[in-house]
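In TrEMBL this protein carries:
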type: COMPBIAS; residues: 1-11; note: compositional bias 'Low complexity'
type: COMPBIAS; residues: 12-25; note: compositional bias 'Pro residues'
type: DOMAIN; residues: 509-602; note: domain 'DYW'
type: REGION; residues: 1-30; note: region 'Disordered'
type: REPEAT; residues: 92-127; note: repeat 'PPR'
type: REPEAT; residues: 194-228; note: repeat 'PPR'
type: REPEAT; residues: 295-329; note: repeat 'PPR'
type: REPEAT; residues: 330-364; note: repeat 'PPR'
Amino acid sequence: MSSAPLTATPAPLLPAKPKSPPPQQHPVLSHLPHCTSLHALAQLHGAAVKAGLAAHPALVTRLLTLCTGPGAGPAHLAYARQVFDRVPHPADALWYNTLLRGYARSSSASASAARVFVRILEEGVAPDTYTFVSLLKACAAARAGEEGRQAHAMAVKLGAAGHDYVRPTLINMYAECGDARAARVMFGGADGDCVVSYNAMIAAAVRSSRPGEALVLFREMQAKGLKRTFVTVISVLSACALLGALELGRWVHDYVRKIGLGSLVKVSTALIDMYAKCGSLEDAVTVFQGMESRDRQAWSVMIVAYANHGYGREAISLFEQMKKQGMKPDDITFLGVLYACSHSGLVSEGLQYFADMKDHGIVPGIKHYGCVTDLLARSGQLERAYKFIDELPINPTPILWRTLLSACGGHGDVELGKRVFERILELDDSHGGDYVIFSNLCANTGYWEEMNRVRKLMSEKGVVKVPGCSSIEIDNTVHEFFAGDGRHPKSQEARKMVDEVIDQLKLFGYVPDTSHVFHVEMVEEEKAISLKYHSEKLAIAFGLLNTAPGATLRVVKNLRVCPDCHSMAKLVSMVFNRRIILRDLNRFHHFEEGICSCGDYW
């Protein structure tokens with residue numbers, strides 16, 4: 001990522017330029033507190049410009065604050081930047097810092113943040129610690145390591161790098177940008193609040209999808225006797241959620257009670273999220289119902305939890321209850337409701353809620369469009385879904401087309417699938433799953449020539465399929481299994497158990513479903529063998545071997561569960577009298593007595 005280098009060289013920390021007195025209060029400014037939308041703000045801004053108040057401090061401050069706050073989108077940030085650029089000589093760091101904070105919330109604005117910082121130096125304004133914190137956060141959000149290193153060098157030059165707020169932000173920036181060595185160097189040199197530095201490292205590890213490392217750091221804190229804060233607890237609960245480590249999460253919950261953090265809304269919300277993502281919706285509901293007060297995030301997380309577990313009606317009911325209590329939904333709340341509708345086949349309800357977003361002043365994002373695409377595609381309205389994506393007011397991402405491609409595979413529509421596949425390749429030709437889905441679709445519908453073309457294309461581009469990985473927690477230890485390999489020390493035992501399980505399931509009518517095996521040149525027997533040792537089968541078999549009869553098995557998979565493993569899990573739940581809760585890439589499946597909660601609609 002290229003950006004303006006942070007190389008302006010005025011004398012460091014120059015005194016601020018004297019401010020000119022603000023113009024006399026004007027009637028148009030009295031409307032500022034009532035502007036809560038970008039549209040209203042733009043209208044007032046136009047009136048203010050006509051009145052000669054374009055650079056009035058109160059107006060500029062309000063504009064920048066509203067356009068850079070939580071939930072501000074690219075259009076808001078762009079507007080804020082236009083306002084800012086029209087101010088001839090901003091006299092202190094406040095406006096710069098406000099704009100930088102907005103960029104810090106964006107995942108693609110490090111270059112813009114860098115240019116703002118260069119202007120600070122060119123104007124001779126003294127940057128403060130908040131300036132560096134926001135600049136470094138912007139670099140971290142965009143994973144812009146080079147800009148981050150330049151910002152670090154400038155912080156050292158101006159004597160800000162060792163500040164108690166700046167150092168943890170530096171640690172977080174390096175960790176987010178994948179420079180673990182630099183993060184560790186900064187971490188090791190921390191001489192202020194060690195607790196703050198640990199929190200930064202743990203949070204960065206979680207956001208970078210390294211939950212195991214986060215838990216190791218947490219145990220280091222325990223060993224050193226450092227006091228854990230609610231920030232620590234929230235990050236550790238997020239790590240448990242990523243791993244699906246329910247028992248460890250329950251231990252953290254007990255710990256939260258002991259240290260008196262259980263009444264905090266943010267901690268309770270993190271507990272709801274952890275329990276839901278670890279497969280225990282019952283515990284999530286218990287925590288939610290026990291909260292003395294709830295904010296919008298708590299309601300939204302519970303709605304998303306119901307949605308992920310396939311309880312669409314319950315999610316909708318909670319959403320309506322939330323509105324009745326005067327709580328205004330946000331984009332995350334609507335995302336949960338749309339997700340609930342798409343995973344429960346509630347097409348008309350989902351489309352109505354999507355339309356309702358406009359009434360709440362919420363502009364749909366790419367994830368909302370994805371839910372509507374999924375809603376239409378799952379219900380078989382493939383052409384309508386294609387048209388919906390094609391006519392979006394924003395550029396569609398590969399993920400949107402990928403959602404439709406998967407549905408084409410499920411409905412056997414190879415002609416539309418080909419059109420969608422070509423659209424995906426125009427945007428991203430490196431995702432192995434796309435080739436696999438379309439190749440299988442061609443094979444299942446007899447388009448052998450097209451299938452061979454896709455496989456050849458995949459080979460030429462060196463694209464490989466992401467290996468399936470499933471984990472299961474037993475006695476506070478998370479065990480990972482990969483499809484077809486033997487890296488787990490007990491993999492041979494798991495394979496042997498799979499063999500025994502499948503032999504028993506065949507007595508109850510189990511037949512391997514080889515329709516989604518990618519290597520189509522295999523004979524049916526070879527395909528069945530390749531299916532046999534999928535990662536979720538190994539994890540389930542390992543769970544059967546190492547848990548008491550009747551115990552619930554909780555499995556987490558990194559990809560979508562395949563139809564054969566789904567059928568196998570249903571039979572295992574019946575034959576072995578086990579409840580199996582499987583979290584795949586898209587949702588939770590609750591298998592019990594031979595039935596799945598998804599109703600085979602996934």
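Heads up, the Cβ atoms here are built off N, Cα and C, so glycines get one too.
Restricting the average to the repeat 'PPR' (194-228) gives a pLDDT of 84. Residue counts of the repeat 'PPR' (330-364) by helix, strand and coil are 27 helix, 0 strand, 8 coil (DSSP-based). Break the repeat 'PPR' (92-127) down by DSSP state and the numbers are 26 helix, 0 strand, 10 coil. Within the repeat 'PPR' (295-329), the DSSP-based counts of helix, strand and coil residues read 26 helix, 0 strand, 9 coil.
Applying DSSP to the repeat 'PPR' (194-228) sorts its residues as follows: 27 helix, 0 strand, 8 coil.
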